[in-house]
Ligand SMILES: Nc1ncnc2c1ncn2[C@@H]1O[C@H](COP(=O)(O)OP(=O)(O)OP(=O)(O)O)[C@@H](O)[C@H]1O
C-alpha cells in the first residue's frame, strides 16, 4: 500500500545533530521520531555491550523486525548513525548532516567519548563515510547533504525539510 506520509532518515556521524533535528522536525510536522539508539536499547536489538566503544553491538535483523510495521505505515523520522540497512523501498528522503572537525571535536569531547571512539568518529566525518554510504544505498536524488554547525543552519535545514514534506504530500495526493 502506498504511504500517505513519507519516511525520512536523518543520518550522520555521532554528534552532528541528528537527534536535535529529528526532535524539532517531529514537533513541527507531527511526523514520528524513531530513535534507533533507544529502540536498540529498549527492545534489546543487540548482542551485548561493547566496553571499548561504550555502545551496544546492534543485531540488525532484530532491529528491522522491531520497526518494520511502524515504518511501513509511513510518517517516520529515522534517527541513526547508519543508513544502509534500511530497505530502499521504505525510504523517501535521506538527510546527511555534516559538521566541521573542530565543532565535532568539541561536541564529542563534551560528551566524554572514549579516545578511540572520538578519533574514529572525527576520521569518519572527515572521510564523509556516512555521505558515501547514503549515496551508495539510495537513489542520488533522495540524498541531501546539509550543514549542522550552528543554530541558524539547523533552522534553515528544518525549513528546507518542511518545504520538501509539503511538496511530497502535494505530489502524493496528486498521484492518488
Ligand atoms: N546545528 C547545531 N547547532 C548548534 N548545536 C548543535 C547543532 N546540532 C547539534 N548541536 C549540539 O550538538 C550536540 C550533539 O547533538 P545531537 O545529540 O543532536 O547529535 P546526534 O547526531 O544525534 O548524536 P548521536 O549520534 O550520538 O545520537 C548537542 O549538544 C546539540 O545541542
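Backbone N, Cα and C atoms are what each Cβ position is placed from, and that goes for glycine too.
These come from TrEMBL:
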BINDING   15, 17, 18, 19, 20, 111  ATP binding site
REGION    35-58  region 'NMPbind'
REGION    110-120  region 'LID'
Study note, to complete from the structure: Counting every protein chain shown, other Cβ atoms within 10 Å of the Cβ of residue 20 (ATP binding site) number 16
Study note, to complete from the structure: Among the binding-site residues 15, 19, 111, the ones with a Cβ under 6 Å from any atom of ligand 1 are 15, 19
Practice item. Fewest other Cβ atoms within 10 Å: which of the binding-site residues 18, 111 wins that one? Let me know. Key: 111
Exercise for review: Find the average pLDDT over the region 'LID' (110-120) in the predicted model and report it.
Suggested key: 91
Point to revise | Tertiary neighbours of residue 15 (ATP binding site) (same chain, Cβ under 8 Å, six or more apart) | key: 99, 104, 107, 108, 111, 121
Review point. Within 8 Å of the Cβ centre of 15, 17, 18, 19, 20, 111, which other residues of the chain have their Cβ, at the recorded ATP site?
Key: 14, 16, 21, 107
Review point. Which three-state DSSP class does residue 17 (ATP binding site) fall into?
Key: coil
Point to revise | Number of helical, extended and coil residues in the region 'NMPbind' (35-58), per DSSP | key: 7 helix, 10 strand, 7 coil
Point to revise | Per-residue Cβ crowding (10 Å cut-off), top of binding-site residues 17, 19 | key: 17
